[in-house]
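Engineer: I have a structure here, written as structure tokens, and I will follow up with some questions on it.
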């Protein structure tokens, strides 16, 4: 009995499109979470300062260690398979395992997202538990989704093709930020709560449907062609020998860490990426503050809200342009160019000063857009590091999720250090403590101050605060760009070296990567 036409049409979608659509269901939740979770607990649930910082400190630790923990639990059998009855894991088995994991963890992510918007415990306890639950499921989803990027394709061209669809669907998901403005109301929270229920339901059902579709496509490909996946150039592949066997030995976590410590490109990359993660979250945390203190006299509230919203969508759209450049010039050259652009724009803004509203508006928006866009390109670099790790250590299978987790272990602290260092620098330079000063009319919703405002600062302090915000705005990207240009210059996995690694991985893996059905 034949399939009805909608089902047949869905099964006929390219795997690259189905894979990319998974980013939509994460994006519609995560952008709303980033924009409103602090304001919800500070302004609606009235969390106190001590509980806020305790929650953020525990979150820092959990956020750093859950990536390598989940990566190790997911991929340790790929480092040294312990086969049962002589059977191990093929490439197809690894991909199907990751798809099934996304089918479970995606809906759980949606449920943990809902837990933020209904008060069900004391504010401090709920803040801590919600952050840890949400970040745990987000980590599981991100690890398996990113690992599939390395497992589904080998060539840089095909990985940028996959990333293209991720950026496209992430941009669509970012539109939830614009929709949220129609429902956000601190005094009457019920409409925003209902909006979040709709988002969570759509995300959870989307994960269930898309992972089932991806699973059926992979299984149908094997039945139809007698191979574990589609070959990128349309050829037919053979089922590769399973992972495991008499030559596979047990690799402990300590041995794996020693292998990473000898992986020079990995070390230089995580040093650069730590700065990048810090800068991305610094921009997210202080974007509303910069709009408020540098531009509030020159732009309307609606213009500020529009700039805030567009800054979530534009990085994904920007990548639709940069990814073709990556296919032509390579990711290394494009990322280096973005670092140089960041440095040049920051120096230009420093020379121009804070009294040019149009230039300030462009710089604040472009700084966030280009920085976020660079973060999304770096996923492609990690997939190349996965290849190099496999070649250097002669693995049977690429431990993709584990390597993504180890990258996050080193770089994610930048996510928490960004607001801590930013508020400290502002307080050190201007004497303005965000936890003690009265908030002005908000342009956005990211507000890490408590519910009890102190008296407004004297008018004489205002110019100092404005000057402090301006110097923070320009000197942070200048410092980040200089550090990144140095570390990136030491990174050698590009050009001839990258081509050699790709060729060696093909030989080691007997070209057993799954194919993507191209558009």
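Count begins at 1; order follows the chain as displayed.
Keep in mind that glycine also has a Cβ here, set from the backbone N, Cα and C atoms.
What Swiss-Prot shows for this protein is this:
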- 250: N-linked glycosylation site (CARBOHYD)
- 1-11: topological domain 'Extracellular' (TOPO_DOM)
- 44-55: topological domain 'Cytoplasmic' (TOPO_DOM)
- 75-100: topological domain 'Extracellular' (TOPO_DOM)
- 119-126: topological domain 'Cytoplasmic' (TOPO_DOM)
- 152-155: topological domain 'Extracellular' (TOPO_DOM)
- 180-191: topological domain 'Cytoplasmic' (TOPO_DOM)
- 224-264: topological domain 'Extracellular' (TOPO_DOM)
- 293-305: topological domain 'Cytoplasmic' (TOPO_DOM)
- 326-330: topological domain 'Extracellular' (TOPO_DOM)
- 351-358: topological domain 'Cytoplasmic' (TOPO_DOM)
- 394-402: topological domain 'Extracellular' (TOPO_DOM)
- 430-468: topological domain 'Cytoplasmic' (TOPO_DOM)
- 488-519: topological domain 'Extracellular' (TOPO_DOM)
- 12-43: transmembrane segment (TRANSMEM)
- 56-74: transmembrane segment (TRANSMEM)
- 101-118: transmembrane segment (TRANSMEM)
- 127-151: transmembrane segment (TRANSMEM)
- 156-179: transmembrane segment (TRANSMEM)
- 192-223: transmembrane segment (TRANSMEM)
- 265-292: transmembrane segment (TRANSMEM)
- 306-325: transmembrane segment (TRANSMEM)
- 331-350: transmembrane segment (TRANSMEM)
- 359-393: transmembrane segment (TRANSMEM)
- 403-429: transmembrane segment (TRANSMEM)
- 469-487: transmembrane segment (TRANSMEM)
Engineer: Are there at least 3 C-beta pairs under 8 angstroms linking the transmembrane segment (403-429) and the transmembrane segment (56-74), leaving out pairs fewer than 6 apart in sequence?
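Structural biologist: Between the transmembrane segment (403-429) and the transmembrane segment (56-74), which are separate recorded stretches, there is contact, as judged by 3 or more close Cβ pairs.
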Engineer: Run through the topological domain 'Cytoplasmic' (293-305) and tell me, per DSSP, how many residues are helix, strand and coil.
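Structural biologist: Per DSSP, the residues of the topological domain 'Cytoplasmic' (293-305) fall into 8 helix, 0 strand, 5 coil.
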Engineer: Based on DSSP, tally up the residues of the topological domain 'Cytoplasmic' (119-126) by helix, strand and coil.
Structural biologist: 4 helix, 0 strand, 4 coil
Engineer: Establish whether the number of Cβ pairs under 8 Å between the transmembrane segment (265-292) and the transmembrane segment (331-350) reaches at least three, counting only pairs separated by 6 or more residues.
Structural biologist: no
Engineer: Same-chain Cβ contacts of the transmembrane segment (331-350) under 8 Å, 6 or more residues past its ends?
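Structural biologist: Non-local partners: 156, 160, 322, 325, 359-360, 363, 366-367, 370-371, 373-374, 377-378, 380-381, 384, 473-475, 477-478, 480-482, 484-485, 488, 491, 493-495.
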Engineer: Looking at 12-43, 101-118, 127-151, 403-429, 469-487, which one has the highest count of Cβ pairs under 8 angstroms to the transmembrane segment (306-325)?
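Structural biologist: The stretch I would name here is 12-43.
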Engineer: Do you know the mean pLDDT across the topological domain 'Extracellular' (394-402)?
Structural biologist: 82
Engineer: Can you tell me which recorded stretch out of 12-43, 156-179, 359-393, 469-487 has the most Cβ pairs within less than 8 Å of the transmembrane segment (101-118)?
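Structural biologist: Of the candidates 12-43, 156-179, 359-393, 469-487, 12-43 scores highest.
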Engineer: Should anything in the same chain at least six residues away from the topological domain 'Cytoplasmic' (180-191) have a Cβ under 8 Å from its Cβ atoms, list it; otherwise answer none.
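Structural biologist: Residues 32, 35-36, 39, 43-44, 117, 305, 309, 445 contact the topological domain 'Cytoplasmic' (180-191) from elsewhere in the chain.
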Engineer: At least three Cβ pairs under 8 Å linking the transmembrane segment (469-487) and the transmembrane segment (359-393), pairs spaced 6 or more in sequence?
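Structural biologist: Between the transmembrane segment (359-393) and the transmembrane segment (469-487), which are separate recorded stretches, there is contact, as judged by 3 or more close Cβ pairs.
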Engineer: In the same chain, which residue numbers or ranges, 6 or more beyond the ends of the topological domain 'Extracellular' (326-330), come under 8 angstroms Cβ to Cβ?
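Structural biologist: Distant contacts of the topological domain 'Extracellular' (326-330): 156-157, 160, 377, 380, 494-495, 498.
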